[in-house]
Structures are given as C-alpha cells and as structure tokens.
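Residues annotated as compositional bias 'Acidic residues' in TrEMBL: 130-141, 537-571. Look at TrEMBL and you will find 145-157, 432-441 tagged as compositional bias 'Polar residues'. The feature compositional bias 'Basic and acidic residues' is assigned by TrEMBL to 524-533. The feature domain 'RRN7-type' is assigned by TrEMBL to 6-35. As annotated by TrEMBL, domain 'Rrn7/TAF1B N-terminal cyclin' applies to 83-220. Summarising the annotation, TrEMBL assigns domain 'Rrn7/TAF1B C-terminal cyclin' to 238-409. Among the features that TrEMBL reports, region 'Disordered' is placed at 130-162, 423-449, 524-571.
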Amino acid sequence: MDNAPRGRCGEEGCREKRFYLDNGLWFCRRGHLQQGFQQVAHDEADFGIQLEGKIHRVKTEKHEIESQKFRGRRAATLFLQAFQLILWKQCHALVKDHGFPEQLETIVRDLWALRLRGYNRRIIDKPGFDDDNDDDYDDDEPRLFSSQPSSADSGNESSDEELWFKPEDKPLMWPRVMDGVGLCYMAAILMRLPICVVDFHRLIVRQEIPYVRAIRHVPNEMRNHLPKMFFRILDHTHIPSPERFHWNFIAQAALFRNNFGIQLPPLNSPLVLYRHIKRLAVPIDIFDTVKTLQSIVGFKYEYPDWNRETREKQILHLPELQIVVLIVIATKLLFPFDGLKRSPGTTKEPAAQVINWDQWAKAQRNFREHEGTGSRVGAEKIIDITDKDIPNMNVGELDQYMDWYEKKWLDNVQTTNPIADMFSPSRPEATHQPNVGSEPSSGAGLGPDEALSALIKSVMVDIKAPSVKPGKKDMRPGSRYVRYRFESQLPDAARVLYEVAARLASVSLKSMITAVASVESRISTKIENKQLRQNEIGEEEEEEEEEGEEEEEEEEEEGVGGEQEDATVAS
C-alpha cells in the first residue's frame, strides 16, 4: 500500500479522503480515478526483484546472415565463377542491347576458357593458398566451362607450366572487370568489326554494360562468401581514363599472343577510317590522302608487343591512334586553319573546297553537348558529381542523381524495420521524368545517328569552292604547312579538331599533339630523303650524259684528225 493516494481527492470540488483499489487502479469513495497511482502485484517467481520503475525493452528478432568467408582454393574458385557471371552479363548486354553479333559471346567464352587454364592449374595443382578450410571442398564441383581441359588431358607438363601466371605478374594475376571488357574488345577485333576502344569506354561511362559496382550483379549467396581481396577486385567505383583502357587491351593482346599463339588481325581500317571521317564531319576526299600518307609512313595498323618501351616511348604503336593521326594531318594539308587563300590546279583536286572552321567548331561543340547530355545531368558526368556540385543542381537534377545512386549503390534487400517500411526510398516509376523542368537542347529529340547526320549537314552547307588559278605564282594547297608542338599554339578550330581526334583515339590531348608532331616530322624526313635521292639520281644522270657527250666529242675529233692524215698521205 505504499503507492496508495494520500490526502484529498484530486478531482475539483471533491473533498473525499477515503480510497479503494479496483483492478490495480485507485478510486475515491465517490468514484473518481486517481491519476498517477497504480498498484502492481508482485509475483512469487520475482521475489527480491523490484518491478516498479524498471525499463522493459521489446526484444526484436535479430536476422543474422551466416557469412562464412571462403579461403584458399575454394575462395579462388568462387571468385572466378563470380567474374565469369559478370563477363557473361557484359556480353549479353552487348548482344541484346547494342546489336553485336551473337557469335561474340561464343568467341569471348573461348578466350576466357583459354585464360582460365592457367588459373585452373594454379588453384588446383599449385600450392600457395591457405587450405585450412578446404577439407569440405568438393573436388567434383562443376567446372566453369565444359571446354576447359583437365590435368589428365594435358600431354606435356612442361608446356603446361608455361601457362601458369607468375606470382610477380600482379596486374594480370587475377582478372579484373576491365579485363572482361578487354575480352569483349578482342572478340570484336577477331570478328573484324569496326569497333574502337572509345566505343567500349562510352558504354562503360554511360553504364550501359556492367562495370561500375559490378559486384552488384553477383548474387548475395556468392558475395557473402567472397574475401575482401576478391570483393574489392569486382567493386569498381571509378572509371579509368580511355588511354588506360587502351593499354590494358594491348597488354591482353600480348598475353594471348605470347601464351596461346593468338595473333589479332589488323584493324578493319577502311570501315574505321570511314567512321572517324564521318564523326569529324570533314569531306570524304581525305580518304585517299590518308591512304597515301599511310604508304609514306608505313603504318600497318597492327597491335604491338607489350613492353615498357612500347608504353612509355612508342605511343604511336597504338593502331587506332595511327589512323586518327593520319586523318588530322590529311585535314591540315587539304583544309588548313590559317585562312590563307590557296588555289587548286583543277576542280578535281581534293583541296578544291574550303571549310568554314568557325561554323565547324560551333557544330562540334553542339554535338558534344548533345552526345554527353542524353539526360539533364548527363550520363557521362553523373558519376563525377561531388559535394561541391550539389548546391548548383536544381530539383530535377537532384531527383535524377538520387535515382542513379539508388540504382547503382543500394542493394535490393528487404528491410524488417516496420517504421522504415512506411517510407519507401524510391519514387514511383511514373514520376521518373529526367527531362522535366529543363530546357530542351537543339538536338534533344534526336538519336545518335540523326544527331550525327545533322552535324554533317550543318558543316557541309557552308563548304565553298575556291577559284581555280593554275598559275605558277599562286599559293597551292599544302603550302605553308603549320606544325603545332604545344597545346598553347593551337588555334580555336585546331584545338576542337585535336580534342575530338583525341577522344576517337582514346588518348589525352597532349598525347595526340605529340603523336601528330612526330608523324609530321617522320613524313617530312622521308619526303626530304626521297627528294635527295631523286636529286642524286638526277645528278648522276647528268654526269653520265656529260661523260657521254665528252666521249662523243673525242670520237669526233679523232675521226676528223684521221681524215686529215689520210688526205696528207694521198697528196
């Protein structure tokens, strides 16, 4: 009764001082409930425990995921299976969504099976892994590919040893997500498709094939057993530069050539050249000029051997860069940027046209904006957004960014918190309107092919034909050719040309300027050497002609002297 009310009733106007207990509640004699007073009965089982004032917490069921990380050969096998799943999804996206031939998937599977042979021997026959948890490892586990040979099928152990990847080859020890894209690129080259590195890089930046956070495409049942080292390999959060992709593909080509004898064919140069000329929106007349320059320089558009010298000093070994560099030089020869009047000899010459470079540069900038802003934020820019860009974004852009973040960074895990379930983190599909509230651009409703056609039309309309003056004193096309060795020397139109060319070649602007200057120097040297040889040949021919004339004169003099001697004898 320690908790019984004392004094008068708390109800206004009631002066009752006697109370009674009913079902744990206190009432006065007049029936008024006394607030704040409650009688709690003690249970015999709780003897010695004070219940009043004790906090009772609701016990919730803890859903713990039994995540035992695999180790040793088991972890390596699981990682290769996860990588193979990502590789298959990359091929599936290329074939189903981007129109690649279905044969691409077969070739990629065969290339992966070849590379898998070295990993198979490393994780099964070679020591070096922690095998503490391998007691329950199932040796009869299905193989990754049915075409994968077994150790019993290998006839020559010494040749098999060469297929092992050495421990010091860390960049190529375990396959990366970038290597999966490289296998797709190699398959396209083997099929002679007019595909370039820039095409794959654009698909990756726009996240149209699995690359960024590729680990999300792996089921949770596999992810939960991957060690941190393998998890990080598949969890890319940044996109490397196109030039790094280029060198990675060159390294893989050298790997397959050295270990398996697979030689990639040269680029399908006619189709690739036509694609680049069309993208640059320059007249098709430079096609023949590029082929002439190729014969002078000796480019074969073949993939080089991988070594440190190739990467650091010989960037011109990249076949795609070779094609683009010759296009830039041919464009500068036929359509220079200085604005000087040059008169072609006839109307049939390729230089019998003049490009309005100001209009061309403006059209290229507009096309670049359309190419990069398929949505308001832009698929190529959304991954580079930082906290400094957030205050400058409007409501629609923020919604678009959050939709992208939810799609790429949040896992589809069912929550068990009833309060969190009341607030859905997603917007309904009907409200996903990425272009609401933004001003439509000039090519907002055009597809890629239509936008490129509009670019070409806008440039070709302003092309004019100069006057034909076959005089000897007039300046001819190709004269006063200007070389640019530094970025600061580029005029506005030339800068746009070099930037577009650098993107097509998947290199930096600095590398493009250096490569063009190097090829220009090589062409100039070969032309000068050819002229010197021709001059030497001409001089030799002149000397021979002079010697012949002198011999004829001597013979004539001898003939005249003999006739005079005969005449004197006769007389």
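Glycine too: its Cβ is placed from the backbone N, Cα and C atoms.
Just so you know, TrEMBL annotations never went through curation; they're auto-generated.
Quantities reported herein were computed from a predicted structural model and do not represent experimental measurements.
Helix, strand and coil content of the compositional bias 'Basic and acidic residues' (524-533), in residues and according to DSSP, is 10 helix, 0 strand, 0 coil. Helix first, then strand, then coil: DSSP counts for the domain 'RRN7-type' (6-35) stand at 0 helix, 11 strand, 19 coil. Across the residues of the domain 'Rrn7/TAF1B C-terminal cyclin' (238-409), the predicted structure has a mean pLDDT of 81.
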